[in-house]
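See below for the structure under consideration.
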Amino acid sequence: MSGVVRTLSRCLLPAEAGGARERRAGSGARDAEREARRRSRDIDALLARERRAVRRLVKILLLGAGESGKSTFLKQMRIIHGREFDQKALLEFRDTIFDNILKGSRVLVDARDKLGIPWQYSENEKHGMFLMAFENKAGLPVEPATFQLYVPALSALWRDSGIREAFSRRSEFQLGESVKYFLDNLDRIGQLNYFPSKQDILLARKATKGIVEHDFVIKKIPFKMVDVGGQRSQRQKWFQCFDGITSILFMVSSSEYDQVLMEDRRTNRLVESMNIFETIVNNKLFFNVSIILFLNKMDLLVEKVKTVSIKKHFPDFRGDPHRLEDVQRYLVQCFDRKRRNRSKPLFHHFTTAIDTENVRFVFHAVKDTILQENLKDIMLQ
């Protein structure tokens, strides 16, 4: 029997070893399968979190014609929601302010000449020639020491009644709206150690090229505000920003009813804004998007209504052209008439984008409107 046992043992041992290997291989496959399932669950959970985040994200698109105040509004969002401008940004704004002053003053000197307005002081002819000789073809930043060389001429020119008269006729040519503010503050801005204040930053004018975004959080709700250039050459970029938007803030410069576009020097600026608004508000892409009209530059409108009749440029106006309430009502009606879908009201606000408290107050109301209209399933409290 012992021989049989030994024979059986020799036959059985290899079979047992092979079974163990098979059991180990099967166990490894099951482990790999469990790991694959775990990874799949992790990926699904991550994708679900991302989808929830996308649904929660409030994406606001700033649209409107050039120089309507979109970039200023975006800067206000940074200021209001606590994101300070760093040293690099301050230096860039300083460069922009120097450029605004030099270019704006050159425009005034040239306009005085073309409009045939005499100098109050004949010696300012030399100051004007000195300023007109300034060239910056390379577009390099103007250093404070260089800018200081022009400050005496700039100050003398701004005091001259000839330049002031040209400024009073600025609707007849293209002049940045911040030029007066900067020239009034020339003593401060002309210092070697000058750095822009928040108000200076808000008034610094540089055309937006491309797409600028700002992210902030309100009551745990993430907001993304997107600014794209409003000039005609920049509008083809708008379509890159349409995906996933929650709301459109459409900005209009309410005071520009007597001005023409810089691009063609022919089209009335308010008419251009109405045409763009009509295209946006009736686009099927935005049927479920809240569109809020911001009639901006209220501070300038208040002053302009006193002296410039809107009826001269818009003959269908009915009312007192020098009564602010009548002009405001007409402006809202002009844009409201462009809407083909009358099922929803037109939300609108008169704003002054350079006034931080005004923007803070208006955006608080706008935020509630946006969330009520588009994010009813999100609890803010």
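Heads up, the Cβ atoms here are built off N, Cα and C, so glycines get one too.
Database features, via Swiss-Prot:
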type    : residues                        : note
LIPID   : CYS11                           : S-palmitoyl cysteine
DOMAIN  : 56-381                          : domain 'G-alpha'
REGION  : 59-72                           : region 'G1 motif'
BINDING : 67-72, 202-205, 296-299, ALA353 : GTP binding site
BINDING : SER71, THR208                   : Mg(2+) binding site
REGION  : 200-208                         : region 'G2 motif'
MOD_RES : THR208                          : phosphothreonine
REGION  : 223-232                         : region 'G3 motif'
REGION  : 292-299                         : region 'G4 motif'
REGION  : 351-356                         : region 'G5 motif'
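What Swiss-Prot annotates, mapped onto the structure for a quick look.
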residue: GLU67; record: GTP binding site; Cβ neighbours (10 Å): 24
residue: GLY69; record: GTP binding site; Cβ neighbours (10 Å): 25
residue: SER71; record: GTP binding site; Cβ neighbours (10 Å): 22
residue: LEU202; record: GTP binding site; Cβ neighbours (10 Å): 24
residue: ALA204; record: GTP binding site; Cβ neighbours (10 Å): 23
residue: THR208; record: Mg(2+) binding site; Cβ neighbours (10 Å): 18
residue: ASN296; record: GTP binding site; Cβ neighbours (10 Å): 29
residue: MET298; record: GTP binding site; Cβ neighbours (10 Å): 19
residue: ALA353; record: GTP binding site; Cβ neighbours (10 Å): 26
Interface-richest range of 59-72, 200-208, 292-299 toward the region 'G5 motif' (351-356), CB pairs under 8 Å: 292-299
Contact yes or no, the region 'G2 motif' (200-208) and the region 'G4 motif' (292-299), 3+ Cβ pairs under 8 Å, gap 6+: no
Counts of helix, strand and coil residues, the region 'G4 motif' (292-299), according to DSSP: 2 helix, 5 strand, 1 coil
Residues of the region 'G2 motif' (200-208) by DSSP state, where helix covers H, G and I: 4 helix, 0 strand, 5 coil
Rounded mean pLDDT for the residues that make up the region 'G4 motif' (292-299): 96
Structural state census, the region 'G1 motif' (59-72) (DSSP three-state): 3 helix, 6 strand, 5 coil
The region 'G5 motif' (351-356): DSSP-derived helix, strand, coil residue counts: 1 helix, 0 strand, 5 coil
Length of the line joining the Cα atoms of GLU67 (GTP binding site) and THR208 (Mg(2+) binding site), in Å: 9
